[in-house]
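Below: one structure, written as structure tokens.
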Amino acid sequence: MKTIIALSYIFCLVFAQDLPGNDNNSTATLCLGHHAVPNGTLVKTITNDQIEVTNATELVQSSSTGKICNNPHRILDGINCTLIDALLGDPHCDGFQNEKWDLFVERSKAFSNCYPYDVPDYASLRSLVASSGTLEFINEGFNWTGVTQNGGSSACKRGPDSGFFSRLNWLYKSGSTYPVQNVTMPNNDNSDKLYIWGVHHPSTDKEQTNLYVQASGKVTVSTKRSQQTIIPNVGSRPWVRGLSSRISIYWTIVKPGDILVINSNGNLIAPRGYFKMRTGKSSIMRSDAPIGTCSSECITPNGSIPNDKPFQNVNKITYGACPKYVKQNTLKLATGMRNVPEKQTRGIFGAIAGFIENGWEGMIDGWYGFRHQNSEGTGQAADLKSTQAAIDQINGKLNRVIEKTNEKFHQIEKEFSEVEGRIQDLEKYVEDTKIDLWSYNAELLVALENQHTIDLTDSEMNKLFEKTRRQLRENAEDMGNGCFKIYHKCDNACIGSIRNGTYDHDVYRDEALNNRFQIKGVELKSGYKDWILWISFAISCFLLCVVLLGFIMWACQKGNIRCNICI
């Protein structure tokens, strides 16, 4: 009896060696996969607010260098002078005479140190001179007759002596007369001329007659295109530098071929010449950031910023080729594929699961690739062609976004007088609306680009899979998880031919068909076929043993077999 049971057990073991799936020498497994990282980056697409990708680039510049770079733009530091003070010739701003700039930087510590003045349209004059980019001044010989020139004031010291604005000529009575002044100055040049002039407003009637004789003066400045008539307003004003009188500053632009006419019977602050007007992209900015030796195309009041990103939220005010201002603190552009972190699976094929299962964190030499298992072991290799195809289409994406958004001009500060408050409110509303619109457009643009990138990288993966499937044809079976079961012996050279596209399926066709039919004849189409086969085998062995035991007991009862039990 022992002999029979032993023979039965040996028979079962021999049978077990012939179960399908135990001979891996005649088959191989090839899986396609893509790159993955342990911790990806979340980006936004049209269809998903948060989708993880292997790599992404930040598109919003959110910090400055903290200093204004002096290259490539020519920066003129106003230090203690405003641009208008430098224009008029305030004594402490004499160092700015005939200066040029791309960007004039006004400081919060700037102050006036001459006769108190106001400019009725200060912002327009400031912007006009700033955009010209120069304080180049040409003296002209105006013929003022019967009056005293070069008036000065103790409120405008030039050294120890009383002085005045260097670009203006204060005219007052000569003796006891102030004759009517009527002078002309033609523009025979080929460029516009900017004339700065003013009207003096005495604080009392006595001051008025002491300086100009007449109780009421009048100043008229005209060209062929315009005329301005100003009547002085005599009256006391708040005291500034020991004076309660004021000067109002005006300007006139004389075109080539036009003529300047000045008529006055008193209170005239006359021009000494003209400023050359130039056209360009010069500007002005209020900032307390220091000026440093560095290079940057984009300048904000906070300091220079790089312009290698399409958007910035450092400051609305900019100069140069700058990223577009948006409200968002961050906008990320996907520069990698959809990230599916690798799962630590177990099992015969768990270690080389395909792209449908999860990504491959170990693949660092490409975005797409192959893993295989054959009689020579396991291996992995990247597919450089599909990787390069995806990279080529993504590489130019950032530059294209920058080209669409970077401003090649500056966003200047806008100022309005108090009486223009409603205009200022409207301007602010328009600017805020523009920023809202650009912020929305930026988010939409990035979401569209991210959607395209993910669709593109998914498409390249599918192209590689289809290319492999067309090569293998009936020699392999698609296992449905990104892997192929190859029904012929496929060594490393064979695997390499599949990867590089030189695989000849006809060479292996007969072997593959033969192996497929042999395996399929006994293979169960279930996800648990191996378990079912082993359970069936165990039950069969158990039943065989029961039958043998029953036969032995029956034979013992009939006397054909004698069984002695010794204790």
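Cβ atoms here come from the backbone N, Cα and C positions, even for glycine.
Looking up CYS114 in Swiss-Prot gives a disulphide bond to a cysteine among CYS69, CYS81, CYS156, identified as CYS156. Per Swiss-Prot, CYS298 makes its disulfide bond with CYS322 among CYS294, CYS322. Bond annotation: of CYS294, CYS483, CYS490, only CYS294 is listed by Swiss-Prot as forming a disulfide with CYS69. Neighbours of CYS69 (disulfide bond) among the recorded positions ASN39, ASN55, CYS298, ASN302, defined as a Cα within 10 Å of its Cα, are CYS298. Proximity of ASN39 (N-linked glycosylation site) to non-local residues of its own chain (separation of 6 or more, Cβ distance below 8 Å) is seen for PRO341, given in sequence order. When the CA atoms are compared, no recorded positions among the candidates CYS114, ASN143, ASN182, CYS298, CYS494 lie within 10 A of CYS81 (disulfide bond). Annotation note: CYS490 (disulfide bond) sits in a coil segment as assigned by DSSP.
Confidence across the topological domain 'Extracellular' (17-531), taken as the mean pLDDT and rounded to a whole number, stands at 85.
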